[in-house]
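Peer 1: What TrEMBL records for this protein is below:
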type	residues	note
BINDING	B:THR107, B:THR108, B:PHE140, B:PRO141, B:THR142, B:ASP143, B:ASP217, B:HIS220, B:TYR242, B:TRP272, B:THR298	pyridoxal 5'-phosphate binding site
MOD_RES	B:LYS243	N6-(pyridoxal phosphate)lysine
Protein chains: 2
Amino acid sequence: MPNEVTRGELTQPSYAAALDARDPLAACRDEFVGAESRLVYFDGNSLGRPLRATAGRLAAFVEEEWGGRLIRGWDERWYDLPLTLGDEVGRVCLGAAPGQTTLGDSTTVLLYKLVRAAVDAAESTSGSRRTEVVLDTDNFPTDRYVVEGIAEERGLTVRWIDVDRTAGVNLDQVREVVGEQTALVLLSHVAYRSGHLADARAVTAAVHDAGALVLWDLCHSVGAVPVELDAWGVDLAVGCTYKYLNGGPGSPAFAYVAQRHQDRLMQPIRGWMGHADPFLMGPAYQPAAGMRRFISGTPAVVGMLAMQDMLALIDRAGMAAVRDKSRRLTSYAVDLADARLADLGVTVASPRDPAQRGGHVTLQHERMREVTAELWRRDVIPDYRDPGGLRIGLSPLSTSFEEVRRGLEAVREVLLSPR
Amino acid sequence: MPNEVTRGELTQPSYAAALDARDPLAACRDEFVGAESRLVYFDGNSLGRPLRATAGRLAAFVEEEWGGRLIRGWDERWYDLPLTLGDEVGRVCLGAAPGQTTLGDSTTVLLYKLVRAAVDAAESTSGSRRTEVVLDTDNFPTDRYVVEGIAEERGLTVRWIDVDRTAGVNLDQVREVVGEQTALVLLSHVAYRSGHLADARAVTAAVHDAGALVLWDLCHSVGAVPVELDAWGVDLAVGCTYKYLNGGPGSPAFAYVAQRHQDRLMQPIRGWMGHADPFLMGPAYQPAAGMRRFISGTPAVVGMLAMQDMLALIDRAGMAAVRDKSRRLTSYAVDLADARLADLGVTVASPRDPAQRGGHVTLQHERMREVTAELWRRDVIPDYRDPGGLRIGLSPLSTSFEEVRRGLEAVREVLLSPR
């Protein structure tokens with residue numbers, strides 16, 4: 001809590017209003033659908049709000065581009081869209097030079113493709129003993145399931161980093177487990193439960209010291225936390241676009257493959273859209289050069305439309321300013337939790353140091369499952385994550401400080417109300 | 001050509017107008033974007049036109065369902081949408097009882113998942129010698145690439161049925177190649193080049209006689225040709241929704257798995273959305289019962305919206321009436337090709353018997369590549385398929401007989417114009 005503020009002041013509407021008044025990005029919030037409603041939305045880290053521009057963009061696409069250009073749209077724009085829009089995600093959010101990012105498939109499918117590409121390349125290296133994949137016990141379920149499935153089918157070993165649920169993977173843990181048998185390390189940049197922000201640059205270097213590759217899952221960081229894939233020397237990354245990139249439910253995920261690896265890695269799902277010459281329709285699969293080989297089937301063009309509005313807004317605001325607001329929002333949530341919920345037994349299950357925290361904060365209490373249900377009835381919408389975690393996702397451009405104050409106050413009211 | 005009609009009559013606008021006047025489905029065409037334009041669209045089998053209702057449906061989804069319900073939309077509708085909308089595709093187009101069809105991923109990814117599920121199950125059968133996958137040399141590139149890739153990684157053998165490009169796979173060829181080593185037969189119901197319509201019921205029975213499974217690729221038949229998966233006893237099927245189902249560029253594909261196989265087959269891309277209890281986020285992957293286990297990641301909800309308008313229209317028209325119009329359209333195109341293009345050296349590279357033909361007709365001529373380019377300049381939009389194939393796709397509900405006449409007349413004009 002800021003030293004100069006008393007607990008009483010902090011929880012006043014006037015205090016939140018002052019924070020909003022000082023927020024250089026406050027006006028962005030009006031660009032989202034529903035900004036005017038009283039709803040408190042703490043789930044922009046799970047499904048971002050649509051921008052007001054998006055409905056018109058989709059309708060115009062149907063009438064003009066799809067309806068007007070029809071099949072010609074493929075030659076004119078859509079065929080390259082996974083790569084051109086991937087480059088845009090790379091430029092605005094990932095610190096990735098062009099030619100290394102593509103959009104398409106779900107995060108799960110992209111994880112499968114990149115993990116397979118990495119371990120298959122290790123396997124085909126003559127005399128390689130790199131038969132281990134490292135990940136942490138609190139990684140997102142899909143990441144764990146995908147790796148376990150691949151380990152079973154390829155006869156690999158999964159090495160687990162055991163992490164506390166209120167923290168995340170630290171550098172020492174990584175150094176301890178990686179070695180000459182490690183093929184790949186798969187970690188989340190921001191932990192989906194605790195919000196812990198990994199030191200991706202240092203971890204990447206540690207993995208490289210062991211001669212292994214790293215794959216970062218950026219689902220909970222992209223669009224909220226600055227990412228510098230090229231500068232950090234990252235090998236592979238995936239992330240989703242329906243959270244802080246506001247692409248809409250089920251919008252396609254992105255994959256990043258550092259240029260130096262592209263031509264030596266092969267993903268296993270060979271489709272015509274990843275072929276060197278798709279319309280040759282020739283007898284044998286010949287992977288395209290560069291990033292295109294990581295595409296399999298026909299790209300989900302309609303699903304890629306909405307995120308363009310959010311990318312433009314983030315580009316305008318700048319990722320540094322977005323992160324700055326994100327830190328202030330989560331710090332305010334932590335301060336309010338200390339001031340108004342600690343006496344009711346609520347603990348903060350996220351790092352207290354904002355430098356080690358992504359865009360969400362998890363509050364722990366044994367009653368949080370029922371609390372979440374009651375909050376939803378009161379139009380306060382957080383997420384519940386077992387066991388006992390109330391996850392407060394604070395999408396920086398669509399969330400106000402006043403919203404945070406009202407939401408945390410509602411948690412207090414529900415905890416105080418008769419069961 | 002109908003006996004009572006002379007070649008001269010056939011090509012008159014009045015003849016086409018009479019066919020349109022007698023068409024019980026003619027009014028459906030007005031429901032599509034661009035119906036009023038002079039454009040001749042022969043590519044509805046590659047990317048169907050949007051319905052006029054679709055722009056509004058997408059805009060309303062953004063404003064009301066996504067923007068209004070936000071994350072609550074998952075509980076309320078989206079989580080089950082791949083299965084509920086899959087059932088709708090199954091009911092309207094596939095002859096599939098509920099609980100056997102799901103939407104999601106691209107056709108390529110679904111092919112990978114189902115082929116892997118089938119061959120992995122064969123492999124795990126103790127003492128099984130079923131190590132062969134059968135497909136035909138003129139199957140769509142993705143089908144061939146996926147199977148070859150899986151064969152390489154799993155040490156299987158691909159057995160090719162060699163087919164003539166103007167025909168398709170026949171029953172005798174299938175009987176000849178399947179046997180006690182066959183794990184799976186993957187064929188296209190309608191061949192993407194020739195438009196040949198396979199006898200799916202008889203071929204399925206022949207595959208079963210050999211103790212193998214069949215996987216039908218329905219991309220070029222669904223929505224144009226009646227399909228009866230349950231009645232034919234089909235094991236597995238995939239198909240895409242942006243052709244005759246007008247789901248928009250890159251809309252998600254569907255997969256069908258006959259109920260009897262669901263609990264013994266495992267697809268390899270294990271994601272949280274295919275877990276028995278996704279929000280448990282537990283330590284190990286436990287596949288859901290039934291069709292849900294074939295889902296991997298977060299379903300592409302936005303991409304599933306548009307097809308709902310076309311499904312409703314097909315349901316209203318009835319698949320039998322759609323097929324009836326489709327046959328009349330392709331027969332008229334063949335008649336016009338005979339009357340107006342045969343003297344210029346154009347041949348029909350599709351079956352002449354409408355019972356053996358899907359919804360498109362391919363015309364062969366060595367100059368067709370340049371002819372296609374010139375047709376596009378004249379707002380006549382067919383597809384070109386190497387070598388020398390002009391593919392005329394006649395989406396039954398959005399194509400008029402007059403459009404067919406003008407388009408074929410334009411082919412003649414281009415072939416007669418100085419090079």
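A Cβ is built for glycine as well, from the same backbone N, Cα and C atoms used for every other residue.
So that I understand the layout, could you describe where these features sit and how close they are to other parts?
Peer 2: Counting every protein chain shown, the Cβ of B:ASP217 (pyridoxal 5'-phosphate binding site) has 27 other Cβ atoms within 10 Å.
Less than 8 angstroms from the CB of B:LYS243 (N6-(pyridoxal phosphate)lysine) sit B:GLY44, B:ASN45, B:SER46, B:LEU47, B:GLY48, B:CYS219, B:HIS220, B:VAL222, B:GLY223, B:SER395, each of them six or more residues away in the same chain. B:LYS243 (N6-(pyridoxal phosphate)lysine) falls within neither a helix nor a strand when secondary structure is assigned with DSSP, and so counts as coil.
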Peer 1: Using Cβ atoms only, which residues of the same chain lie under 8 Å from B:THR142 (pyridoxal 5'-phosphate binding site) while being at least 6 residues apart in sequence?
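Peer 2: The answer is B:THR107, B:THR108, B:LEU111.
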Peer 1: Work out the three-state DSSP category of B:ASP217 (pyridoxal 5'-phosphate binding site).
Peer 2: strand
Peer 1: Counting other Cβ atoms within 10 Å, pick out the least crowded of the binding-site residues B:PHE140, B:TYR242.
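Peer 2: Counting other Cβ atoms within 10 Å of each of the binding-site residues B:PHE140, B:TYR242, the minimum falls on B:PHE140.
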Peer 1: Tell me the coarse DSSP state (helix, strand, coil) of B:PHE140 (pyridoxal 5'-phosphate binding site).
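Peer 2: B:PHE140 (pyridoxal 5'-phosphate binding site) sits in coil per DSSP, no helix or strand.
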Peer 1: For B:THR107 (pyridoxal 5'-phosphate binding site), which DSSP three-state class applies?
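Peer 2: In three-state terms, B:THR107 (pyridoxal 5'-phosphate binding site) counts as helix.
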